[in-house]
Amino acid sequence: MGIREFYAGVSPSTTALPTTTPPTALSHFTVVDYGVCVLLLVSSLAIGLFYARRGRGQNTVRQFLLANRSMGSLPVALSLLATFQSAVAILGVPGEIYRSGTEYWFLGCSYLLGLLVPAHIFIPIFYRLNISSAYEYLELRFTKVVRLCGTITFIFQMVIYMGVVLYAPALALNAVTGLDLWGSVLALGIVCTIYTSLGGLKAVIWTDVFQTAVMFLGQLAVVIVGAAKVGGIGRVWDVASQHGHISGIDLNPDPFVRHTFWTLAFGGVFMMLSLYGVNQAQVQRYLSSRTEKAAILSCYAVFPCQQITLCIGCLIGLVMFVYYHDHPWAEAQVSSDQLVLYFVMDILGELPGLPGLFVACLFSGSLSTISSAFNSLATVTIEDLIRPHFPEISENRATLISKVLAVVYGLVCLGMAYVSSLMGPVLQAAISIFGMVGGPLLGLFCLGIFFPCANSTGAVVGLLAGLIMAFWIGIGSMVSNMTSRMVSSPLNGTVFPSFGNTTVVSMTTLMPSAGSKPTGLQRFYSLSYLWYSAHSSTTVIIIGLLISLLTGGTKGQPPNPRTIYPVLPRLLALLPISCRDRLPCQEYSEDFSYKTEKIPEKLSNGMLTGRGEEEVVAAPEQGHIQGDHGHSFILQETSL
């Protein structure tokens, strides 16, 4: 089965669309609409060229990959949001609400804790180490081998994903609007490659800001026009309530139920942590902030932005439900991506420019996602794979190589888009790989940050175990569902969030036939997708700790205190002193004593951590050391 047929109506994630004949959306796409799309591409390119010209005299890796650590909290926050909000997410959330009601909205409850932990644990550690790549942390905490494993895993994750996220929305647009498929793919890929390779991270961030505004306007136009056509938001809510589309709180604790409050609100936390805590694309934006406080504020600012975006997506889904309730058509099977596009083109088709605005909205989602991929891949390649082996490389040469790498990954993205066109039903599996890898990487970083007794052997074995478990459950679930399609059973569309750039992808879970319940491996494979990240990251931590203990732990060589977040001492500090005195582990909360000395922390490339030395100031009574940039590091006993 070809990829066109896969999206044209026989894909696993098909939905009954009430239509006699598909709308002739192509006739609605006017010259004005094409002009809006071209304007988006030209504007994005102009921003990149502007920052390329403005930064011509600053040819350093720090300026190109970290925007010279000069960014404010607001543009960084909007860039974080744009990376999260891909084109597939813009199409996926309304489709989920249309099919299953508003229960998916409770995912927003996970945003708070999913952003607080990165803001107060991950960001301070990464920022104070003055690193460029998140995987530099793994060498500082463990060894070069662990850093290499993390880097290769991330590159595999992004290379597989970025071509798919570029191709899939373009294919849906082609099916509904008649917009040239490869013209769209090439235009997006080439424009994104140019402004990413010339302007660096600063250009990527500011184009993300512009593209976020376009995404917001495009979705808002659909809500306003759609609601007006069905009688207003009040009627939308009333009709949706009457037909059971406004979901209540389902407190069922069963992790095998696809969507419950606990699954969305708490399983979603691990998804958020894998995205906003350890994903290189997001970490790189934190590190581009001018101060640590600005980085933390940008993480806080993402929260209301995400809530607004989620609410708009839910509103589009509800308006779409009411619209098709008022305009019943004969049923035809189309993919959920096409379902949203048919609706958008149907209600906006008579208003020149607005269909183009929504397509520009989708283009913005694709551009923001793949530009983040190009930049982050260039960063980890130069910092984790090239510089460790060529430490003598000059700044000018390293910057040039970084720009070439951005171009190379742009070409790889176009190549992967072509591969995606040949993949047929395997396309959904390729998209899902992104999510499968996010959980194990989160577990690897948590193992290093929260467990001082973990060693490099435990980290590598734990990562491999987590990846095996993630792929076993993920691929097993998809194969099981594809097999189950042979049996007549109602469809239950699933929105599958990817955990690195957290992109919502349409997947399908087939509900078991009446009176039957999955057993054995089928039951295991029916685990809700939102628990995948929690399951695989927990696997990494448990296996990593077991292997570390069996291999002697840190063998009397405690890890660098700056790479550890002392959870146990902080928890014990909450207990009354009388209780702490009775505990056998009370010594864990004792402070280290430090003498004034130089502590050069070297990486495998012979370079010092933070490209310099840290001056340790004796402060045993406070348990602090004073580092460069005026940062104060809390040092407490962390040996287990």
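The backbone N, Cα and C atoms fix where each Cβ goes, and this holds for glycine too.
Any TrEMBL annotation is an automated prediction that lacks curation.
Keep in mind the model is a prediction, meaning the values are calculated, not measured.
Per TrEMBL, these features apply:
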- 31-52: transmembrane segment (TRANSMEM)
- 73-93: transmembrane segment (TRANSMEM)
- 105-127: transmembrane segment (TRANSMEM)
- 148-169: transmembrane segment (TRANSMEM)
- 181-201: transmembrane segment (TRANSMEM)
- 213-236: transmembrane segment (TRANSMEM)
- 256-278: transmembrane segment (TRANSMEM)
- 299-324: transmembrane segment (TRANSMEM)
- 400-420: transmembrane segment (TRANSMEM)
- 426-451: transmembrane segment (TRANSMEM)
- 458-479: transmembrane segment (TRANSMEM)
- 529-552: transmembrane segment (TRANSMEM)
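Taking residue pairs at least 6 apart in sequence, the transmembrane segment (256-278) and the transmembrane segment (400-420) share fewer than three C-beta contacts under 8 angstroms. Of the candidate ranges 73-93, 256-278, 299-324, 299-324 contributes the most Cβ pairs within a distance under 8 Å of the transmembrane segment (213-236). Sequence-distant contacts of the transmembrane segment (256-278) (same chain, at least 6 residues past either end, Cβ-Cβ under 8 Å): 80, 84, 100, 103-104, 106-107, 109-111, 113-115, 117-118, 121-122, 134, 249-250, 299, 302, 435, 438-439, 441-442, 445, 492, 494, 497, 499-502, 509, 518, 523, 526-531, 533-534, 537. Only pairs six or more apart in sequence are counted, and the transmembrane segment (181-201) with the transmembrane segment (31-52) gives three or more Cβ pairs under 8 Å, enough to call it a contact.
Proximity of distant same-chain residues to the transmembrane segment (148-169), defined by a Cβ-Cβ separation under 8 Å and at least 6 residues beyond the stretch ends, is recorded for 7, 86-88, 91, 133-135, 138, 185, 188-189, 280, 337, 362, 365-366, 369-370, 373-374, 376-377, 380-381, 384-385, 409, 412-421, 427, 430-431, 433-434, 437-438, 440-441, 444, 459-460, 463, 467, 498, 500-501, 503.
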